[in-house]
Ligand SMILES: CC(C)(COP(=O)(O)OP(=O)(O)OC[C@H]1O[C@@H](n2cnc3c(N)ncnc32)[C@H](O)[C@@H]1OP(=O)(O)O)[C@@H](O)C(=O)NCCC(=O)NCCSC(=O)C[C@H](O)C(=O)O
Ligand SMILES: [Mg+2]
């Protein structure tokens with residue numbers, strides 16, 4: 001089934017997504033800082049970071065700040081309140097003309113929520129290239145991961161963002177170092193996202209003053225195959241950017257594999273020995289992707 005223009009545009013977007021920094025849309029000082037921070041994406045939040053009495057004001061600030069612009073290479077994401085809340089529909093309508101790369105919707109439970117959000121975006125007049133990303137943060141969403149991800153074929157859905165704070169709240173799962181109890185969720189989210197061409201970002205690390213824990217979480221998420229991590233504080237950006245970027249050693253190995261397959265004496269071969277390891281054509285594909293990612297980071 002063909003995917004929507006928004007899903008296609010999102011998957012063709014080569015910009016890195018190692019670090020997405022959330023900030024309350026009510027906090028102009030934080031938003032202004034984002035214009036100079038080294039994060040790959042910025043999420044202006046109308047949901048849990050904004051108190052109920054500040055929702056309308058935060059929405060107005062978000063629209064004003066996006067119109068002012070100055071965010072450069074960063075992908076801009078607006079997180080709305082759930083449609084079931086008193087603010088969700090007004091958020092969605094108000095952001096229709098804002099220069100956003102993606103609208104992020106919280107607390108989706110199943111495919112019909114995604115379809116309703118995507119349809120509401122169409123009706124509100126969102127540009128064809130504005131993607132829908134959804135938070136994966138409810139027990140029902142975990143049980144419906146594949147159905148939700150498959151919506152990429154028929155809706156604007158182009159990304160998953162994990163919300164492990166809400167998932168912990170709803171389930172009683174413990175947010176301990178190592179995240180052992182979350183491993184099945186992380187793994188299933190990767191499978192669902194990758195099978196459907198979605199961006200996948202890890203949940204936040206609440207421990208602002210524990211850089212070792214942040215690095216361990218970033219490394220775990222990278223090793224699971226995620227694109228990057230969502231962050232809550234500027235001090236977390238450098239770690240996420242470093243962990244999710246190809247290392248010099250990985251790049252050297254990737255270049256050696258590509259060079260080996262390009263060598264005239266290896267024409268027509270499907271498997272080679274490169275630096276003591278077997279490399280097949282699939283490894284050349286992986287290597288080419290890694291080099292392209294490094295180039296995209298360098299192009300920033
Ligand atoms: C967590 C914070 C409330 C901590 O605030 P505070 O202690 O005041 O921070 P600092 O004093 O260390 O701030 C130093 C300077 O950095 C700026 N700053 C801080 N945080 C941000 C930010 N996120 N973006 C941009 N700039 C930021 C401060 O303004 C200070 O600057 P200056 O005044 O010039 O010195 C705070 O960090 C914060 O609000 N973080 C974001 C919270 C948020 O957005 N939460 C919602 C998303 S997380 C979530 O919902 C996860 C998911 O849904 C789930 O279920 O898991
Ligand atoms: Mg949440």
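From the backbone N, Cα and C atoms, a Cβ is placed for every residue, glycine too.
As annotated by TrEMBL, domain 'HpcH/HpaI aldolase/citrate lyase' applies to 18-234. Annotated substrate binding site per TrEMBL: 79, 137, in sequence order. TrEMBL lists 137, 166 with the feature Mg(2+) binding site.
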Here the 10 Å Cβ neighbour count for residue 137 (substrate binding site) comes out at 22
When pLDDT is averaged across the domain 'HpcH/HpaI aldolase/citrate lyase' (18-234), the result is 98
Those binding-site residues among 79, 137, 166 lining ligand 1, judged by a Cβ under 6 Å from any of its atoms, are 137, 166
Most isolated by CB count within 10 A, of the binding-site residues 79, 166, is 166
Whole-Å Cα distance, residue 166 (Mg(2+) binding site) to residue 79 (substrate binding site), is 15
